[in-house]
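Q: Below, the features straight out of TrEMBL:
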REGION    1-23  region 'Disordered'
TRANSMEM  28-48  transmembrane segment
DOMAIN    89-298  domain 'ABC transmembrane type-1'
TRANSMEM  95-115  transmembrane segment
TRANSMEM  127-146  transmembrane segment
TRANSMEM  174-200  transmembrane segment
TRANSMEM  221-244  transmembrane segment
TRANSMEM  277-297  transmembrane segment
Amino acid sequence: MSDAAAQVGLPPVTPEEDHKVGKGKGRAFLGIPVVGWMLIFFGIPYFLLFLQSLWEPTAFGVSHNWNLQNYKLVFFGDSLSGNIYLPTLLRSLKVGAMVTVFSTLLAFPIAYLLAFKIANSRTRLMLYVLVIVPLWASYLLRAYAWKVILGQNGLLGSVLDKVGLENTFLNNLLYSQAAVVITMTHIFTPFMILTIYAVLERLPPSLIEASKDLGVGRVKTFLTLVVPLSLPGVIAGATFTMGLSSGDFVAPQLVGGKNDVMIANQVYSQFGATNNWPLGSAIAFVLLGFVAILVAISTQAEKREQL
């Protein structure tokens with residue numbers, strides 16, 4: 001190959017460069033199954049979902065007349081029922097944001113404790129296992145457990161009755177937005193702990209020790225050193241939690257009230273009882289668009305933090 005390059009006046013290709021070219025081709029070949037898997041199980045279904053959202057529902061099925069009527073209905077509603085889908089979407093995003101904030105506030109101290117405050121490796125391992133054990137249980141089982149706890153005759157109500165707090169708002173948490181937030185916060189906090197801990201455990205303890213040696217207090221060290229360096233983990237966990245909680249179906253169905261319907265419940269209703277698949281596809285695609293925007297923003301923020 002070097003002789004042929006010399007004959008046409010090109011610089012010879014070194015063995016190292018030839019090896020890099022072969023290595024790049026090998027990586028591209030190994031990536032074909034991944035690309036194919038993503039295309040089959042994500043790309044094609046999303047494309048079909050988008051096509052279906054452009055169709056028009058009829059009394060006996062679906063008409064393949066393409067239009068944006070379903071998206072207009074999602075964002076602006078109609079003259080009969082008004083706009084019910086956009087407020088539901090905004091409510092879902094609000095609940096997702098609340099769950100993300102509460103999960104972060106609960107997860108950060110636990111992750112910090114695991115990373116810096118527990119010197120014994122066996123104790124740290126035991127606490128780490130306690131964090132991930134809830135993930136082994138069924139999501140539905142954990143949501144239903146909170147329905148039992150928050151019920152009027154449940155564990156929380158019984159404890160409040162014994163301490164003389166019979167008529168407080170805490171006795172009526174079930175079938176409310178607060179119950180939905182509490183349930184999903186419990187479900188998604190372990191994911192927040194794991195993502196934040198994964199970043200904190202890589203921080204060298206010498207940085208904190210150097211800050212202390214320079215006379216910086218613990219609080220200032222935490223706020224000016226630990227928190228900024230942990231932001232990639234916080235952003236990753238917040239993105240994961242926000243995306244899943246805003247599109248959750250089980251918790252609002254089990255512990256939410258009639259005024260706490262979320263966007264996933266609307267999608268389920270359109271594909272089920274209403275049998276309006278085009279509108280259900282449009283609602284799902286709008287939610288997917290919001291999640292995609294969230295992921296793009298968080299990715300850019302994470303890259304900025306890593307610079």
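In case you wondered, yes, glycine gets a Cβ from its N, Cα and C as well.
TrEMBL annotations: computationally assigned, not manually curated.
Quick caveat, the model's predicted, so the values are computed rather than measured.
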Q: Are there three or more C-beta pairs under 8 angstroms joining the transmembrane segment (277-297) and the transmembrane segment (95-115), sequence spacing 6 or more?
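A: In this chain the transmembrane segment (95-115) does not contact the transmembrane segment (277-297) - fewer than 3 Cβ pairs sit under 8 Å.
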Q: Can you name the far-off residues of the same chain, 6+ from the ends of the transmembrane segment (277-297), with a Cβ under 8 Å from a Cβ of it?
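A: For the transmembrane segment (277-297), the far contacts come to 46, 49-50, 52-57, 62, 70-71, 73-75, 85, 89, 92-93, 239, 242-243, 246-247, 263-264, 266-267, 269-271.
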